[in-house]
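Visitor: My questions all concern the structure below.
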Amino acid sequence: MNNIHNHKILILDFGSQYTQLIARRIREIGVYCELWAWDVTEKQIREFNPTGIILSGGPESTTETNSPHAPEYVFKAGVPVLGICYGMQTMAMQLGGLTEASEQREFGYAAVELQHADQLFAKLNDDLTASQPKLDVWMSHGDKVTRLPAGFQTTAVTPTCPIAAMSDEKRRFYGVQFHPEVTHTKSGLALLTNFVENICGCARSWTPENIIEDAVAKIKQKVGNDQVILGLSGGVDSSVTALLLHRAIGKNLHCVFVDNGLLRLNEGDQVMEMFGDKFGLNIIRVNAEERFLEALKGIDEPEAKRKIIGKVFIDIFDDEAKKLTDVKWLAQGTIYPDVIESAASKTGKAHVIKSHHNVGGLPDYMKLGLVEPLRELFKDEVRKIGLTLGLPAEMLNRHPFPGPGLGVRVLGEIKKEYCDLLRNADAIFIEELYKSGWYYKVSQAFTVFLPVKSVGVMGDGRKYDWVVSLRAVETIDFMTAHWAHLPYELLGKISNRIINEVNGISRVVYDVSGKPPATIEWE
């Protein structure tokens, strides 16, 4: 079996908004990496035993006292080191060079001219017409290195940055003032590949097939012949977790699928068909619509609704767990970003490790061990593994759906009538997006039920019925979003279908709010 952790890169985080991108690019190349706060100890680095180290960018200035710096051991470990932006500046300072605040800050696109072809820049050139090789890169810095440390040479320049990259080939230390991890840097992935493969000598063993093989072996080793329970929602993370566990322990996995009446149209049946019939998983389906609706009666405050939905789910999950006498383990779909918690960089910890539980607040007496086979994976890696395990692409690439489901898409009090109307209207919206080729062009699309009535005309009669709002957004990271400019003809078709086919809805509106100031979900 391939050891997927045999070669690994350690990324020390100085607080850059792009740091997770570095990790995702390294994984994309096929090499395992981990993301740690910059102030780790020598002991921790030795225990991790990295094949190479990357120092990330960050918002601080190396010219300030008490600015973050790499542990001294980084430069004594005998492994290649790549400093990116702030990482290059702290490398220069710590090894005897000099940095200064720049009169001209560089933000955005820049063309760097390569001066010396070292291993990092081997075979890279974005401008074949120029006399010197050039790279189109993305800059984002105020400070710059003004004096090289001993043993270093300048490898790239820009008109405003005379040391845009540097290297000490003997010690295998490299620094770049730009960000190779962002897609705006055209040859960024090739540069990182040069570092990881050619300089560090890492093999590409981090592949979906190898990850699956490793996860299955670890699950078998950890749980043996014990019984495991998993809350299956039909979402990407719990679905992939279920298939990995099923492959490892078969019928010893007990999936609890709680149908809370707040799911999309026919979703409960689809989950049972997919995981029960197609994959042969052992699934306990709990039809709990009445229990959830009863608990939500009269509640219209969004946070209160979320808490009730969470509590009722845990109560039901707990009831089912008690019925299974031999269960020793709880499986969860925790993924790597859940494990990394962002904190203010001023604390000196840009990212700290937190204990994260998807099923929050499980009773203490459920003394179960935890199995988290996706704990090392980013979301895109989870999707690739799901595809390799046989899950359909349409399911893996579905738009995000909130944990409380329609509980936060029906504004105000939740009633069965409202949920049914919303389910049917939303199904039409999504169907038309698929048919028109717009579903994958937008990042998220859904329908919201508004607890207001509006006058409409049907035939010769007037009707006084409910209003729904359509919402479709485009975003890269879900932190900010633009409303999607869907064609008027498409919006008209969707509106006509909903009003004609869903009895009880008289008006359809389209939400044209961006984030900020609005959030993506209404509640």
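Heads up, residue numbers simply count up from 1 along the chain you see.
Positions of Cβ are set from backbone N, Cα and C atoms, glycine also.
From Swiss-Prot, for reference:
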DOMAIN    8-205  domain 'Glutamine amidotransferase type-1'
ACT_SITE  Cys85  active site, nucleophile
ACT_SITE  His179  active site
ACT_SITE  Glu181  active site
DOMAIN    206-398  domain 'GMPS ATP-PPase'
BINDING   Ser233, Gly234, Gly235, Val236, Asp237, Ser238, Ser239  ATP binding site
Visitor: To the nearest whole angstrom, state the Cα distance for the pair Ser239 (ATP binding site) and Glu181 (active site).
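Guide: On Cα coordinates alone, these residues lie 30 Å apart.
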Visitor: Which of Gly234, Gly235 has the fewest nearby Cβ atoms, counting only those within 10 Å, among these binding-site residues?
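Guide: Taking Gly234, Gly235 as the binding-site residues, the minimal 10 Å Cβ count falls on Gly235.
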Visitor: Going by DSSP, give the three-state secondary structure for Cys85 (active site, nucleophile).
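Guide: In the DSSP reduction, Cys85 (active site, nucleophile) maps to coil.
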Visitor: Closest of the active-site residues to Gly235 (ATP binding site), Cα to Cα, picking from Cys85, His179, Glu181?
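Guide: When the Cα distances are compared, Glu181 comes out closest.
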Visitor: Please tell me which one of the recorded positions listed here (Cys85, Ser233, Val236, Asp237, Ser238) sits closest to Glu181 (active site), measuring Cα to Cα?
Guide: Cys85
Visitor: Which residue, of the recorded positions Cys85, Val236, has its CB surrounded by the fewest other CB atoms within 10 A?
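Guide: Checked Cys85, Val236; of these recorded positions, fewest Cβ neighbours within 10 Å: Val236.
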Visitor: Using His179 (active site) as the reference point, find which of the binding-site residues Ser233, Gly234, Val236, Ser238 has the shortest Cα-to-Cα distance to it.
Guide: Val236
Visitor: Please report the DSSP secondary structure of Ser233 (ATP binding site), reduced to three states.
Guide: coil
Visitor: Any idea what DSSP makes of Glu181 (active site), helix, strand or coil?
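Guide: In the DSSP reduction, Glu181 (active site) maps to coil.
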Visitor: Can you give me the residues near the recorded ATP site, meaning same chain, not Ser233, Gly234, Gly235, Val236, Asp237, Ser238, Ser239 themselves, Cβ no more than 8 Å from the center of the site's Cβ atoms?
Guide: Leu232, Val240, Thr241, Ala242, Gly333
Visitor: When the Cα of the residue listed as 'active site, nucleophile' is compared with the Cα of each of the binding-site residues Ser233, Val236, Ser238, which one is closest?
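Guide: When the Cα distances are compared, Val236 comes out closest.
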Visitor: If you count, for each of the recorded positions Glu181, Asp237, the other Cβ atoms lying within 10 Å of its Cβ, which residue has the minimum?
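Guide: Least crowded of the recorded positions Glu181, Asp237, by Cβ count within 10 Å, is Asp237.
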Visitor: What is the Cβ neighbour count of His179 (active site) at a 10 Å cut-off, with all protein chains included?
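Guide: His179 (active site) is surrounded by 24 other Cβ atoms within 10 Å.
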Visitor: Within the domain 'Glutamine amidotransferase type-1' (8-205), what mean pLDDT does the predicted structure show?
Guide: 94
